[in-house]
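Only one structure is covered here, and it is reproduced in the block below.
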Amino acid sequence: MTANIARGSLPSTARKPWGRFSSLSPSWVFALPALLVYAAVVLYPSLAGMVYAFTDWSGIGEDKSFVGLANLTAMLHDEQAMGSIGNTLLLTVTIVAVQNGVGLLLALGVHVKLRSRAVLRVVFFAPVVVSPVMVAFLWKYIYNPDPAAGLNGLLGTHIDWLGDPSLALWSIAGTVVWQYAGYSMVIFLAGLEGIPPELHEAAMIDGAGTWQRFRYVTWPLLAPSLTINLMLSTIGGLKLFDQVFAATNGGPGYATETLSTVLYKQAFVFGKFGYSTAIALVLALFVAAVSMVQLYYLRNREVAQ
Amino acid sequence: MTDLREARMSRAQFFRMMGGLAAAAAATAACSTKPQTTTAQGQQTATQLKFVGVADQKAAMDQLVAAYKQVKPGVSLTTTFAPTDQVQTSVRTQLGAGNAPDLHVVYPGDGSAMSMSQIAKAGLLADLSDQAWTQTIPTGFKPAFQNDGKTYMYSAGSSVIGAVYNTKAFQKAGIDAPPTTWTEFLAVCDKLKKAGITPIALGAQTPWVTQLITYALVPSTVYAKDPTFDDKQRAGQTSFAQSGWRQAMEMYLELQKRGFFNDNPNGTTFEQQTSMVATGKAAMAIQVSAVLPDFRKSATSPSDLSMFPVPGADSADQVWIPAGVVVGLGASAKGKNLAEAKAFIDFLGKQENINLWAKAISAIPLTQDASSTIDPAVQSFLPFTKDRAVPFMDQRWPNAEVQPVHFAVVQELLAGKIKIDDALKKMDEAYAK
């Protein structure tokens, strides 16, 4: 609309408010305060903290010495840390697949013209706004092993949801999906709302059925939403901490230990701050690498609308 | 909708905006630095002391802080309490950053990240040795309070681990007296089970609860036979695998095999365990006496609950009990108001205050006088405290890793995932780190 015209004509007609700074793009000037704050409270502490990954600092006291890569090699021989990587990956893959699958179905469901859809959208999104720790505590009650209580009472089963080492990890994945499926739903819904109805009309005139319209119109145009959803849920899964910590604290045994809970315990329970920082560093690099690869592939499959 | 894109800002407007931002930032910064304690110039303002403690300390501290206000109106103490995990995280971080509270929770002995030895070794705890009460610490308890002969921690007394039991449930099953040998203990459990009552509630989903049954048995299976076990273990002459720890774990699992625990202990929490015993659904729980108030709170009548020592041996005179110093507090060596912080600890060291604190958590007072009271529920432990009691095992462990490994292997044993051999091997490995 007029925005384009205005933007195009601005440099020639506008009184130059920036004087001799006119060669400097205003966007940078505006970003500067934010960048400074970001550098001071995020970048600098993170980089400064990284140094500890190469020391044997206990977290308290002045006593520390440089140990080179010893913490990283120790990690390779640490059964608990390596086991937690397996758990973290299992949790992440499960959460990414199920959360987005459920989120997509919910989005498609509340996108159709239903009288109650506004209410349903709120209901499905509601768990997202609750603190993850609260959700984990609530689910601890729902997962009560007592056959007369909680989920067992509802299903008539006698399952030890959080106490059985082979099941606990999946139970936690269940709470995460329950909480965040609504989040995926909202993002998919925004994608769905952005698809022009003309395309569906044209497809219908061409004789496309419901499935074909989803497959050839909706699904390709949802690509940007999918990119965002997959990335957010992957990052969320890889750094999962709150729900595990509150629900099982890594137990029973080490069955639900994730990289985040292991690094927490190394720092604050065992007093090995240096080693814990090394694990954190590996986790951060891993998350960055996975997100970058994911972003590259997913961006490529996005189509222009 | 286009005006925003076209909007032009004069330089004056821009600077006004930036100025406003700067003022807002300055105001925020000023607010965040306001609560300064005054020591040098401000005689008219009160000295402010900060204390961070664990939730178990709240009942006692609330009363004592109020009492201190009467004694010393010039000092005001602000207290915060949180569960163990959170306190461990926040206080350790503050200690590491050099801005620890004046007074904070300290765990007795060694073996945990917030334990007296670990923090004292880092030079972050003030030496309290010149205070009068430190001269009366019973010899057996000294390792819990002292590092290299200097006292760094205050604690009001000791608590014991034993069976918290529901007297009504025992009556219902026709049991008139608590058992005094392991065989009798098993017989009692059997009787309870036949009466349709879960003999022992176990909330092994809560990590620290997992250790209590082994702790209750090990004094009899290890220390009764060799009171110097800790020293030998430190010297590498013995290990968990070579000692009565094996027998204690076998006894633990025997209770499970005979069906004396509630179903799915690994999925049951401390809170559920508490309510099972308080309501009589289960007859007993092996617990530390410091949580008796929690059990009483959930019971219809507090007198329904009492305690007895868990007999870990087959002759009554071979039964030993675990009695450990309760969680205490220390003063930050680098605090700005160190003298005032130490004065408060000196106040806590007075006999009447030791009595008050001990009473609030059903503990046995550190030192006793005519006005000391001992909870009737722990009376049956008193004959043991003199020469048949050992501190909680972790207080002599060399690092903070053994205890969490103990939690984890107990959960894995209960789940049938590992054998006792593996469990003890893992604990020995953690001990050697």
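If you go along the chain as it appears here, the first residue is 1 and each next one adds 1.
Just so you know, glycine gets a Cβ as well, placed from its N, Cα and C.
TrEMBL annotations: computationally assigned, not manually curated.
Among the features that TrEMBL reports, domain 'ABC transmembrane type-1' is placed at A:85-294.
Annotation source TrEMBL lists transmembrane segment at A:21-44 (among others).
According to TrEMBL, the feature transmembrane segment maps to A:89-110 (among others).
Same-chain neighbours of the transmembrane segment (A:122-142): 106, 110, 149-151, 162, 171, 174-175, 178-183, 185-186, 242-247, counting only residues six or more beyond its ends whose CB sits under 8 Å from a CB of the stretch. Residues or ranges marked as transmembrane segment in TrEMBL: A:122-142 (among others).
The transmembrane segment annotation in TrEMBL covers A:167-195 (among others).
Long-range neighbours of the transmembrane segment (A:216-235) within the same chain, counting only residues 6 or more positions beyond its ends whose Cβ lies under 8 Å from a Cβ of the stretch, are 92, 95-96, 99-100, 103-104, 180, 183-184, 187-188, 190-192, 194-195, 199-200, 203, 208, 287, 290-291, 294-295, 298-299, 301-303, 305. Among the features that TrEMBL reports, transmembrane segment is placed at A:216-235 (among others).
The annotation transmembrane segment is assigned in TrEMBL to A:273-298 (among others).
Listed as Cβ neighbours of the transmembrane segment (A:273-298) (distance under 8 Å, sequence separation of 6 or more from its ends, same chain) are residues 49-50, 52-59, 64, 67, 71-72, 74-75, 81, 223, 226-227, 230-231, 234-235, 238-239, 259-260, 262-264, 266-267.
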